[in-house]
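Input: a single structure, listed below in structure tokens.
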Amino acid sequence: MKQLHKQMSSKRDEETIPMSQSSPYSPKTLKHPRSLPRSLHYLFREQRLLFILVGILIGSTFFILQPSLSRLGAAESTSLITRSVSYAVTDSPPSRSTFNSGGGGGRTGRVPVGIGRKRLRIVVTGGAGFVGSHLVDKLIGRGDEVIVIDNFFTGRKENLVHLFSNPRFELIRHDVVEPILLEVDQIYHLACPASPVHYKYNPVKTIKTNVMGTLNMLGLAKRVGARFLLTSTSEVYGDPLEHPQKETYWGNVNPIGERSCYDEGKRTAETLAMDYHRGAGVEVRIARIFNTYGPRMCLDDGRVVSNFVAQTIRKHPMTVYGDGKQTRSFQYVSDLVEGLVALMENDHVGPFNLGNPGEFTMLELAEVVKEVIDPSATIEFKPNTADDPHKRKPDISKAKEQLNWEPKISLREGLPRMVSDFRNRILNEDEGKGL
């Protein structure tokens, strides 16, 4: 037995790797290299969960970045994946400029010109409305990702239903008087009832949307570094004493009248926008929009063009308030959309008039509607409404010079396009009522 014990001890000693004679520590027996596979096997078996989590992280990073990588070169793609994985491991998120650098656009949300234009993520408040839905069509058509925020107070899902299957379109039912957190490059803030019928129906809601809604959207723009465009209105000029109206004109507005919830609300929104620009460095654009018409207008929203067209199609008299000598200028909606996009992409801060300088009295407009729809249509006169501006015509010299923009579609060219849309909708409405 002693002989066997000596043999086994001798065998273990042969496998022992002696340490240096000068070491102050007692020698330890090291495992033979042949035992390493057993250690790796133990590691893989006992730490499977860790390896699974790392694999999921790497795979998720690849699939998230896949749309961006498809537009980048091979070297740039590899660099982007490496940066993203390193951020995930160190738990330190990249700044916005990390992914915007070299891709165009940057933190300001400006759209670069050229084939390799960076796809932007854009939010449009009030995007289910008349103007908003046409703007969304434009942005989707050029390849951007668009998020529409609307509470459907005046907006209609029918204006956007053709985009529901588009992967670059998203619709959120939300009221802008409440904050919302999104990551976007540009903000088009259109949310607010623009028709007298709607904003007089709920004046408190109207001014809250103008003030609180604008505050929330400006706060979002500040947090994420987005460029912000406010759609203001020619109503900020009130009943003007200057004709035509330039952007430098301060206006003549009744601050306590029936229309003031909208007029003064928009003036306050402009003030907030410029204060955020001066105080917080937010890039703001202000579009003072004059009378606009076109498809998707509400059939009975009280605005003069939609009123005249709907009344004539239904064989009702056209309602003219006052003597009919008030003047307005009318721009087609596609011209306005082009102006909004040009303003957003331009580097000029501050207000711009966007409108058609062609001026018509209400009686002249009624005659054009009769020419297009029904020469036998009649006119009915009613007392004028309170605070109705007598004249309204934009001076668009600034937009021409700095934005290279001016309207292209005349009233006689654009009105038939609107009439076609109104005929179809009124016909469908009558069929739904069984008329």
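Just so it is clear, glycine is given a Cβ too, placed from its N, Cα and C backbone atoms.
As annotated by Swiss-Prot, active site, proton acceptor applies to Tyr262, with the evidence given as similarity to another entry. Residues or ranges marked as compositional bias 'Polar residues' in Swiss-Prot: 91-100. What Swiss-Prot lists as compositional bias 'Basic and acidic residues' is 385-401. Annotation comment: Swiss-Prot describes 1-33, 91-110, 380-401 as region 'Disordered'. Taken from Swiss-Prot, the feature topological domain 'Lumenal' covers 70-435.
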Per-region confidence, the topological domain 'Lumenal' (70-435) (mean pLDDT, whole number):
87
Can you tell me which parts of the same chain pack against the compositional bias 'Basic and acidic residues' (385-401), counting only residues 6+ beyond its ends and a CB-CB cutoff under 8 A?
196, 234-235, 237-240, 243-247, 254, 257-259, 288, 290-291, 321-322, 326-329, 339, 343, 352-357, 359
Please list, for the region 'Disordered' (380-401), how many residues fall into helix, strand and coil according to DSSP.
5 helix, 4 strand, 13 coil
Under DSSP, is Tyr262 (active site, proton acceptor) helix, strand or coil?
helix
